[in-house]
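Trainee: I'd like to ask some things about the structure below.
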Amino acid sequence: MSGSPTPSLAISDVAMSAETSAPTSAPKAEAPVMKRSKKVKKLTKKDIDEVLMYDIVELRGHNHWDWDPKTPPPFQNFEELEVTIGSFAQSGEGLALLPDRGEGWVLVVPFVVPGEKVKARVYRHNWGYSHADLVKVIEPAKNRIAKDDILCKYFGTCAGCQLQHISYADQMKFKRQVVENAFKNYAEKYFAILPPVDPVSQSPIQSNYRTKITPHFEALNPKHQSAGTVQPVQIGFMQAGKRRILDIEECPIATPVVNEGMKTMRADVQKNIATYKKGATMLLRESNPIVPGTESESPPTTTKICVTDHKATITEWVGKFRFDYPAGSFFQNNNAILPSLIGYVQQQLHLPLASSTTPAASSDSTTALTSSLNHEIKYLVDAYCGSGLFGITCHEGFKKVLGVEISAASISCATNNLVLNKLSTETTAFHLDDADKIFAHIDFPSAETALIIDPPRKGCSDEFLDQMVAFLPARVVYVSCNVQTQARDLQGLLDRCHAKGLPGYRVEAIRGFDLFPQTRHVEGVMTLTRLENVSPQELTLYVEKLLEQINAKFDGVSGQILGKMDEMSSRIDDLEKSIGELVQNVEEEPKQPPAPADK
């Protein structure tokens, strides 16, 4: 997944140190025997990171551990090991398999590249795997970025970014694989009939793109302060693998305006630290307000400022559209890629319901049927609409648009943005509804309605999916910041359709968008078309693929059964042969006269 080697980026030696207050011990040639102490937690399956476990199982080749949770992990705490990285996890970390430890224990190591030999220090244990700090890269991969070319001087210590040590092309390959693995693991029942995952859409810029950051700091303990001495405060982000704050003076993925605001914020906190009884999380967000006196211009003149007040109003421009929203609320943080994302969503919404490339029909009646199924989508529903980003930017081409939300503050914000963009409230509106009544006020005909879904990371609720199946929109475009829950929701949606005897949906396309370059995050966009809206030829192809999937699974299972039967038959033959030899030996053995009885 890391792509082809790039010799120009090769380095002869890369060392990345991780600080720890705990002592280290020399590597052991054999797995250490470790007595349980109060510091060693009894591990349970509840400790498992489910997404990470899929990657671990794939690396190990099976999902079985012959390991008793009462037995301590097969490492000393803070033991250092030399390991070879076998693969990337979807978290952006590297995985190293240790077949001689704990029946194939796996080490999770950050900031590495598959194929590298590294030294790692174990610091935390889970069921079947352990986390480790990267101590040193012993044999770097050819496609590792040279240390001097890495974007941020804090990379390797700061937990904010995970991928700055690989090229942007390799990041795109990694993120495409993350999207594919999500659907392979969480929509497993339907994975064989899904279209290939499209290449990830790149961000126009890979640094200075982030319009919002939230640095943290902790108040100083008075007991640790010398009389009359001002001690510097650590202001920044969490350290990788630790619960300590790393002091950050500048963040290279934040916009220049945000970084300027960070300088001012840092100085203010240092000056007024005595007024803070506890630590705090600061907000730094870019805003683009209109310069006074230019409101009537088209377009008006704007300026850039950094806002630190959670309750202040942010002004954001996405193409020709203006969005005002509270600084502390959610809005996408990479403005540079939003036009591309919005354009793609618009394109997917207006795809013909029946393919324009349908093969020529053999009769006029079939042609007429195909034509009648190619409805024009006239209505748009924007679920989880927030401040109205998709409902407003995608309103063109629809007779009516309705945004739905469970947050009153978001609905108020979205309605205000309608006015700011001079859109008719008769054709575009936003409505407040509870989660279990989110489709209650939608009276659009489902066969002519498209649905945009952009839920939070936890994905869609069961209530939402139930309502969606009851409504059955003709087209669905699902935007997600968590491709695992997106894939899970696809399987849940199709399962519900099949349980009710409904035709269900065909997945037209799956594509990732790189909203956060240098990090492991990838945004997913999935397009669905209701199956009864596709042409008969396309439906036939869909059914054929489904049957192929069923037959493949049946062949696999039957093959396993036949293999087991052959194995059992062979074992029975061997057993019969052994018994026959034993009987023969007994028959051929000379009989000894009985020993005389004692008198």
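Here, residue 1 is simply the first one shown, and the rest follow in order.
Each residue, glycine too, has its Cβ placed from N, Cα and C.
Per TrEMBL, region 'Disordered' is recorded for 1-36. If you look up TrEMBL, you'll see 74-136 marked as domain 'TRAM'. Residues annotated as S-adenosyl-L-methionine binding site in TrEMBL: Gln332, Tyr384, Glu405, Asp454. The feature active site, nucleophile is assigned by TrEMBL to Cys481.
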Trainee: For the domain 'TRAM' (74-136), what is the mean per-residue pLDDT, to the nearest integer?
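Mentor: Within the domain 'TRAM' (74-136), the model's average pLDDT equals 93.
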Trainee: Are there residues of the same chain, six or more positions away from Glu405 (S-adenosyl-L-methionine binding site), whose CB falls under 8 angstroms from its CB, and which are they?
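Mentor: The answer is Tyr384, Cys385, Gly386, Ile411, Ala414, Phe430, His431, Leu432, Asp433.
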Trainee: Between Cys481 (active site, nucleophile) and Asp454 (S-adenosyl-L-methionine binding site), how many Å separate their Cα atoms?
Mentor: 8
Trainee: In the domain 'TRAM' (74-136), how many residues does DSSP put in helix, strand and coil?
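Mentor: Across the domain 'TRAM' (74-136), the residues distribute as 0 helix, 36 strand, 27 coil.
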Trainee: My understanding is the cutoff is Cβ-Cβ under 8 Å with a sequence separation of 6 or more in the same chain; which residues meet that for Asp454 (S-adenosyl-L-methionine binding site)?
Mentor: Asp382, Ala383, Tyr384, Cys385, Gly386, Leu389, Phe390, Tyr478, Val479, Ser480
